Amino acid sequence: MPTFTVLGAGAMGTALCKPFIDAGWEVRLWGTWLDDHLIDAIEAGQPHPRIKVAAAPGIRTFRSGQLAEALEGADVVDIAVTSEGLPRVTEMALDHIAGLRALCLTAKGFWTDPEGRIRLLPDAIRAIADQKGVSLPPLVAVGGPVKANECAAGEVTATTYASRDLALAETLAREAATDTYGIRPSDDETGVELCAALKNVYAISLGIADGLGEATGVPRHNLKAAAFAQAIREMSLLVAAVGGHSETPYGLAGVGDLEVTGLSGRNKLYGVRLGKGETPDGALAEMNRLEQTVEGYPAAPLAVAFAHQAGADEGTLPLLHAVARILQGGVDDVYAAVAAAVKPARP
Ligand SMILES: NC(=O)c1ccc[n+]([C@@H]2O[C@H](COP(=O)([O-])OP(=O)(O)OC[C@H]3O[C@@H](n4cnc5c(N)ncnc54)[C@H](O)[C@@H]3O)[C@@H](O)[C@H]2O)c1
């Protein structure tokens, strides 16, 4: 029985254990020093506090001081902490990963390297491993439209596993798929990671369209649909600019993930507030008060800087820039700003 260790007992880390248990793997879940209360709930068989679904029976749990035991003899490891936690958890794990078949990555977002360049998370892992002189197993980016609560409950879910080693992604897709968890293998690590990092920013624009409609009673579905299509177009251009496949955003990692993020996520809800006339800072303060992290807010300037490094500026990515400007508080009329960014120019 192959062994799968998940690092991070938050919503997504716990959820990802379910298909691997169903697929017959030995599954271990390691909680960081922030996760003791989550591990307590899992061990007591209670619903996971973040997703309100009980973790799959059969998971072996490990506390933060037991990282070496959790990783001992593992075949595949998945890092499922936030982008903020990734560098520290990676450093801690690197001493124990010799012999792994694959290092998977559920964590999503951007990383600023010591020279101030904005990088995707697999490159963060490579840089940290390089610095420590540790050789890495092949990396696998796990992406696509996966709401943690539904995945944890065994609802039908389609995901994508992307690795520069396509044969490995295909093998894992065969070994971890279940009747309800389908995995599309891909060789486009960059495309999958970039779509995931960008979608939270673009989801804010979808929320703005909904908020404008709610505030005025005049639906703005056309605006929202145009913003959706523009977001995918921009993701495609930027993915291609950094060496990924331009078609990746048109699949699960882009269209799929943006759809699910724009339906109900916290980024979309933040956008709704902006569409209804709240200021960016006021809306963010309110979201923080409700303990709702808006990942797209800090990601927006990083995404703009990442795009700039790749030579893709406002002419190529007008919606990304419009959202970033709105979040900076520099826009009075959010309707006009989003509309200008998503309307095709007059021929
Ligand atoms: N929730 C989803 O549906 C979903 C889907 C796909 C990808 N993701 C990605 O998975 C990652 C985790 O998301 P989540 O929803 O499980 O979040 P969560 O808040 O439920 O869990 C966060 C995890 O990160 C760890 N963590 C947070 N701050 C840390 C720090 N400073 N140092 C070390 N560890 C830290 C926590 O201990 C916990 O294990 C994110 O990058 C997210 O974008 C989430």
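The backbone N, Cα and C atoms fix where each Cβ goes, glycine too.
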Of the candidates A141, A148, the one that TrEMBL places in the NAD(+) site of G8, A9, G10, A11, M12, G13, R266:
A148
So among the binding-site residues A9, A11, M12, A148, who's got the most Cβ atoms within 10 Å?
A9
Note the Cβ centroid of K108, R266, N267, the recorded substrate site, then list each other residue of that chain whose Cβ lies within 8 Å of it, in sequence.
K199, N200, A203, T261, G265, T293, V294, E295, G296, A299
Compare the C-alpha of A11 (NAD(+) binding site) with the C-alpha of each of the recorded positions K108, K199, N267, and give the closest one.
K108
Using CB under 6 Å from any atom of ligand 1, narrow the recorded positions K108, A148, K199, N267 to the ones that qualify.
K108, A148
Need one number for the NAD(+)-binding residues G8, A9, G10, A11, M12, G13, A148, R266: the maximum pairwise CA distance in Å, whole number please.
21
Per residue, counting other C-beta atoms within 10 angstroms of the C-beta, which of the recorded positions K108, K199, R266 reaches the highest number?
K199
